[in-house]
Amino acid sequence: MVKHQPLQVYERQLCLSCITGIYGCRWKRYQRSHDDTTKWELLWSLILLLTFCLLLVWFYFWWEAHNDYSEFNWFLYNRSGEWSDGTVPILATTAAGFTYIAFLIVLALCHVALGQQLNLHWLHKIGVTAALLTTIIGVISVNQTWAQEWDVIPISLQATGPFLHIGALAAVTALSWIVAGQVTRAEKMMFQVVVVLLYVSVLLALYVVPLHITSPCIMDPATLKPRPAVIGHQGAPMLAPENTIWSFQRALQMNVTGLEADVAISMDGVPFLMRDFTLRRTTDVEKVFPDRQMDEASLFNWTDLQQLNAGRWFLKDDPFWTVNTLLQREKERIANQTVCSLEQLLELASYHNSTVVFRLRRPPPKHPCYDSWINDTLQAVQQSGVPQSLVIWTPDDNRAQVRQLAPDLIQTSVVKRSPQVLEQSGISSLLLRYNQVSREEIRNFSEAHINLTLYTVNEPWLYSVLWCSGVSSVSSEAPHVLLKVPYPIWLMRPNVYCLAWVSADLISFAVVIGIFIFQNYHMIRYRMSGMRSYNPEQIMLNAAVRRSSGDINVMKEKLIFSGQPQ
């Protein structure tokens with residue numbers, strides 16, 4: 001008579017219990033199983049893998065989009081009318097979701113390596129579904145509101161591609177241990193062939209990926225062009241309120257070669273600096289003119305604008321999380337900033353012999369200066385006393401008239417055109433977003449002697465890529481960051497990169513072959529030693545693959561309790 005004893009008398013396997021318990025809430029030994037995973041659970045494993053891949057791309061996107069966080073927050077402000085750092089909740093949820101899904105992936109791989117049945121708990125299934133749906137909604141939202149930012153992925157791969165390739169190769173090589181274990185333990189030839197072919201296909205694809213990796217930083221260092229000039233976009237808005245005198249002074253302290261600003265026209269014809277259409281975000285208009293806070297900025301006259309404070313908002317909102325790094329005297333100076341006129345900016349630039357590029361915004365049709373906005377701006381340029389050769393003129397309107405009145409201005413276009421069209425139009429400079437030109441176009445503009453300035457470049461990796469591409473100047477909100485980049489982050493000769501690529505592939509191939517040989521040898525020895533210690537019930541259990549699951553379970557139960565005291 002067989003007497004069933006409690007399972008607790010058997011040796012506990014704490015690590016295995018934790019793995020199966022966390023993944024599928026199967027803490028007890030009798031709940032774990034070496035049976036094949038059901039098709040339903042295989043489907044959930046595929047969903048988990050899909051979610052991990054999607055979250056990996058989503059996480060990488062937001063990691064590299066750090067260059068444009070301020071642009072994203074500005075888009076949100078224009079939509080909602082309220083300023084907030086929208087990147088914080090996105091980054092928090094993305095990091096939490098990616099960590100959670102990556103943890104489940106690791107547990108699933110541990111199950112496969114230990115030969116345990118995959119059985120994802122229903123709470124984890126809810127979590128995986130929530131992560132998948134949230135990420136899909138996020139992708140759709142970004143595609144609708146900020147579609148141009150997707151270009152940051154192929155651009156960033158020019159800086160990270162070679163290193164991501166090495167990381168992916170190391171990860172897939174490490175997976176060969178699990179793959180080899182599955183192949184050697186499998187009894188069906190078809191399963192072995194499919195798994196091997198799938199794994200080898202992925203591995204070979206990684207081996208040849210460098211053929212499609214193109215980076216301007218893979219070059220002969222002797223051909224590297226001079227360091228791109230840095231223009232302070234709205235001054236140094238990470239250290240001081242944008243478009244204020246103190247912001248431009250801070251940028252000049254960082255040795256920038258130029259200053260960039262957004263210009264509007266007041267009701268009495270005074271050009272002043274303002275990025276937004278209203279004054280709510282960057283001034284205290286709600287306090288001084290509460291009835292006019294929603295009015296367009298150009299509908300105020302200059303005397304009204306001079307009454308507004310343009311610095312306290314920076315200390316309050318801390319848009320770049322930098323206020324705590326400022327000295328007390330800097331905070332006091334920031335708190336006393338006012339709206340800056342174009343003439344004040346030009347006088348400052350003239351004193352420091354710095355170029356000035358400004359985007360001029362035409363006032364609304366009912367504005368008194370709707371027809372005279374070009375002349376009003378030219379008058380401000382002439383009154384400032386700045387040399388015309390320091391002023392970069394961007395509006396396309398009335399260029400012929402502008403050339404007659406101020407022939408020495410640097411004519412610049414903010415619309416992408418071919419070098420031939422620019423030359424015919426007498427335009428010698430181009431101001432574009434960094435994702436609007438390719439390496440070949442950068443080279444063509446350089447050969448045509450077109451001065452190309454790309455905005456907004458805040459991250460060292462992007463600055464390095466554009467430097468290696470041959471860009472002559474960039475516009476940045478973080479000149480203090482780019483100041484610390486005296487040389488591209490990385491630069492590699494083509495033959496050195498080829499040697500590193502081939503060496504990594506050969507090492508990976510040798511490791512994979514070695515792991516497969518070791519696993520196969522280990523499995524043969526295990527089976528040969530096991531045959532000498534099999535009892536009849538074990539042999540029958542191994543041969544029970546063709547029997548019903550009920551018979552197998554009975555035989556397992558007999559095997560488990562056979563050896564217990566009667």
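Just so you know, glycine gets a Cβ as well, placed from its N, Cα and C.
Small disclaimer: the values here were computed from a predicted structure and weren't measured.
Only residues 6 or more beyond the boundaries of the transmembrane segment (42-63), in the same chain, are considered here, and those with a CB under 8 A from a CB of the stretch are 87, 90-91, 94-95, 97-98, 101-102, 104-105, 108, 118, 120, 125, 128-129, 131-132, 135-136, 138-139, 142, 149-150, 152-153, 156. Sequence annotations record features per position, and here TrEMBL assigns transmembrane segment to 42-63 (among others).
According to TrEMBL, the feature transmembrane segment maps to 90-114 (among others). Non-local neighbours of the transmembrane segment (90-114) in the same chain are 16, 19-20, 22-23, 45, 48-49, 51-52, 55-56, 58-59, 62, 120, 124, 127-128, 131, 134-135, 138, 175, 177-178, 181-182; each lies 6+ residues outside the stretch with a CB under 8 Å from one of its CB atoms.
Taken from TrEMBL, the feature transmembrane segment applies to 126-143 (among others).
Residues or ranges marked as transmembrane segment in TrEMBL: 163-181 (among others).
Listed by sequence, the residues of this chain that lie at least six past the ends of the transmembrane segment (193-213) yet keep a Cβ under 8 A from its Cβ atoms are 157, 161-162, 165, 168-169, 172-173, 175-176, 179, 182-183, 186, 497, 501, 505, 508-509, 512. Taken from TrEMBL, the feature transmembrane segment covers 193-213 (among others).
Residues or ranges marked as domain 'GP-PDE' in TrEMBL: 228-486.
Residues or ranges marked as transmembrane segment in TrEMBL: 499-518 (among others). Distant neighbours of the transmembrane segment (499-518): 162, 165-166, 169-170, 172-173, 176-177, 180, 183, 203, 206-207, 210, 492; these residues of the same chain sit at least 6 beyond its ends, with a Cβ under 8 Å from one of its Cβ atoms.
For the domain 'GP-PDE' (228-486), the model's pLDDT averages out at 94.
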